[in-house]
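What follows is a short report on a single structure.
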């Protein structure tokens, strides 16, 4: 019989960790849901955002959470430039072109980090300690990270639901041709969407850097989790992604405690595959088209090319 205090620790730790996972996945969900582009370089952008926060702390003495105010806008611009130079020219090309382009970005970003920064892990010690939450000892940075995830999800919801650009983004995601007939430029929408998606990485990076060390390949560890979260939560559904991230975080914590930490990944990847097989868009709704059918279309287009 599991003691109540142990169960409370597992759930709380899982919830806090899951919020961070969701924060990483939000940008991926937005870009895929609106643009139908699978950004395999999402983890590489995350790595650069983590390094950005690290150097803001090391060179400027900036708290990692405050560095979000610097990193997120910079990454919005970075995302817009990336969309103009890399994504826009191939947006109507076969899907494998998008795969090659985004995988190529991984190679460029990781080798850039290897050459100019090195492979030694970079960690931030901003002086945060522990605290008691609901009687459970937790790290302050995880609590602050979860709060930022909540605020980010709320902010994205308000942006998408209550603003003109949000209306344009949702309309383009639902029917690109109809949105253009109504005077909405899909080119501008895609540019802003990709910028927002990478800006969300600019929010996630400093949070991640305050908890974990940064290396050139760190993004690969979390982008796979982000894909699982997106499948469960639904494309473009920020609160669905948040809920799914929390679920994966709890599963992660429970498996790590009761079995082995190394078994966490196989368990939630099994969940990932199960949801794909069931042709789900995510238990909380989202896109009308299942992610499995999107992947099937991608595979069939590759065969016909």
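A Cβ is built for glycine as well, from the same backbone N, Cα and C atoms used for every other residue.
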Quick test of your reading of TrEMBL: among 141-160, 161-180, where does it put transmembrane segment?
141-160
Looking at 188-212, 213-237, which stretch does TrEMBL describe as transmembrane segment?
188-212
Stretch-level contact, the transmembrane segment (66-87) and the transmembrane segment (188-212), CB cutoff 8 A, at least 3 pairs:
yes
Below 8 Å between Cβ atoms, which of the listed ranges 6-32, 44-60, 99-117 makes the most pairs with the transmembrane segment (141-160)?
6-32
